[in-house]
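Note sheet for the following structure.
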Amino acid sequence: MESKGASSCRLLFCLLISATVLRPGLGWYTVNSAYGDTIIMPCRLDVPQNLMFGKWKYEKPDGSPVFIAFRSSTKKSVQYDDVPEYKDRLSLSENYTLSISNARISDEKRFVCMLVTEDNVFEAPTVVKVFKQPSKPEIVSKALFLETEQLKKLGDCISEDSYPDGNITWYRNGKVLHPLEGAVVIIFKKEMDPVTQLYTMTSTLEYKTTKADIQMPFTCSVTYYGPSGQKTVHSEQAVFDIYYPTEQVTIQVLPPKTAIKEGDNVTLKCLGNGNPPPEEFLFYLPGQPEGIRSSNTYTLTDVRRNATGDYKCSLIDKKSMIASTAITVHYLDLSLNPSGEVTRQIGDALPVSCTISASRNATVVWMKDNIRLRSSPSFSSLHYQDAGNYVCETALQEVEGLKKRESLTLIVEGKPQIKMTKKTDPSGLSKTIICHVEGFPKPAIQWTITGSGSVINQTEESPYINGRYYSKIIISPEENVTLTCTAENQLERTVNSLNVSAISIPEHDEADEISDENREKVNDQAKLIVGIVVGLLLAALVAGVVYWLYMKKSKTASKHVNKDLGNMEENKKLEENNHKTEA
């Protein structure tokens, strides 16, 4: 019989031999795990009936084993070896499945499951692969601007904490950028953190931009391997300000209006199509060969008509790049002769002229006392009704606010003129004496009576219109009397008298003065009558000529008789027409 100690020694020796020599079993098996997750490794061995215990180990790079977990098949107890990096991270199940929590990059090893019987050791190796998804790539150290036709660093694309390391790709407007000599330079580098063993990838892009890159988005991506295969993560878009030189200049007139008039302020604005736009320009005024250096605006204040012409602007460092615009300053002059307050005597001639000088055809309007006239006034012989306030107004319809006006205040003066009339009342009990006065300034009327008689109404005056008015009195004289009307203004004193018979003596009445309005009506009626008479005379003359021609062609004696009768008829018609004409 062997001793108990000898038996234990022989068993330990067998275990050591099986750990180093006896490795019958299975092929490679790989477990993929994400960084930070729990690694689960099944034993992949059938548990024998005479199993004594199971153990897990991993192999160092030099091949030496490190035991980490033990489980007895009889006592159902689990023991974990004192390995610092796996402290409190291991879990061994009853079926000998090993779990490692919080997977790390250092867990990438070859683990071996060992099932031990009294006479044999069975092994099943498992290779652990740990993957760490990198952070979303970000474009940093971005250029403030890019200049056309210049190779310049656009930025860095960085992706951190990756395992294994990934690859970075640059895109322009969604299309992959490939290195191109003198136009696209890509510099890639990776760094590993010695503690976490995670990689940081950095790709620097140098790019030669053109105007076609304006508003074009640039992106980058990182491609990495994970537990389920290859994946790609893209960065946010980045748009860069593209600087390019000015290729064309333009000039504007501010404020934009259809027409410029004298007195306006005009601002010239010069623009270049480069980026950034030019800040200074040379402005050229009409007739001035040398340019005026200014910002992108130049202001002309209170412009006059001589400011009309071509205005130009150019770049300071490239005078051949020039733009021009034409400016027309509209003007309007009005001269009224005479103007202001003018005093003339009645009957005088007064020529009036309103002379217009303008950059375009102007409209002219005449007003008298705020009433529009049909034509310009002309005075060959002034009347009192010609007095008033005249305004000549002109404007350019196409130019807003361009209007001119001048006024003439015409005063028509005249010495007092008197005409007296009398009329007996139909009842025969009174007589009305009227003193018609014409003159300006308004004459004052005074009555005097020589003789006896009662005055029923001392005075009654009409309104003063167009230099005329009247004053009348009603009397009932018992005997012949003389009435005197005196009219006086600043120019002269005029006196007129009228003899009036006693109320008992009948006398011939004198017609009243015809008013201006009635005079116009009478004139219109006279013109109508004259027109009718002239028309009748012309009609009779035409009829006579036609009839004479007809009779002249008659050849028979009866026609001669008829001709005589016709002549008698014609004479009769002519006599009737003569009567009508006389009427």
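Glycine is treated like the rest: Cβ placed from N, Cα and C.
Residues annotated as compositional bias 'Basic and acidic residues' in TrEMBL: 569-583. The domain 'Ig-like' feature in TrEMBL is assigned to 125-234, 245-328, 347-409, 416-501. The feature region 'Disordered' is assigned by TrEMBL to 562-583. The feature signal peptide is assigned by TrEMBL to 1-27. TrEMBL lists 528-550 with the feature transmembrane segment.
Taking H, G and I as helix, E and B as strand and the rest as coil, DSSP gives the domain 'Ig-like' (125-234) the counts 3 helix, 70 strand, 37 coil. Summarised by DSSP class, the composition of the domain 'Ig-like' (416-501) is 0 helix, 60 strand, 26 coil. Secondary structure counts, DSSP: the domain 'Ig-like' (245-328) has 3 helix, 40 strand, 41 coil.
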